[in-house]
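What follows is one structure encoded as structure tokens, with my remarks underneath.
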């Protein structure tokens, strides 16, 4: 790609130096970005744009439209930030040692993703480790929201209100992840493949209620 060559996309255009373009919608065959020469701010804006774009598919799952394709172009920035946010939020809200809670949540996030991936692979699913971590990490966003609400409004929320908020977040996270993961599972063994996903989000939700 030369300096004068243009790559149109939506309302944005890439020409010469890197600009803020919706790269999340573009695959590697559509554009090659020289990240070594671009400004740091352009790199950060592009990564933030990709994270927000993928979160939009978690907030509003589109099971029939995407069939898991959007998050197959995986990245680990979003899951890393969300796991850190959840660990810090639950650590602040806990009566136990914040370091213990932080380490526990971090291990559950990444270890649980590995277990779910191995289970799916053994049952004939077509999913890679990083795809699974990406999907499960992004889909924990509703539980993050519930944890933040409980942390800052805990004096106004009784147990049943907390249960309703966390229950809604659990269902939202589970449904969002299934809308992506189901397309990569073995159709004949899909129920057994997705069962660990329920346990994964249920365990994280349990921490939000009782920690």
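Numbers here mean position along the shown chain, with the first residue as 1.
Cβ coordinates come from backbone N, Cα and C, glycine included.
Within the set 40-58, 192-210, the record from TrEMBL flags 192-210 under the feature transmembrane segment. Take the transmembrane segment (159-180) and the stretches 74-94, 132-153, 192-210: counting Cβ pairs under 8 Å, 132-153 has the most. With a threshold of 8 Å between CB atoms, the same-chain residues lying at least 6 positions outside the transmembrane segment (192-210) that come near it are 86, 90, 101, 104-105, 108-109, 112-113, 115-116, 119-120, 123, 125, 136, 139-140, 143, 146-147, 150, 159, 162-163, 166-167, 169-170, 173-174, 177-178, 181-182, 185-186.
Per-residue pLDDT, averaged across the domain 'Yip1' (71-207), gives 84.
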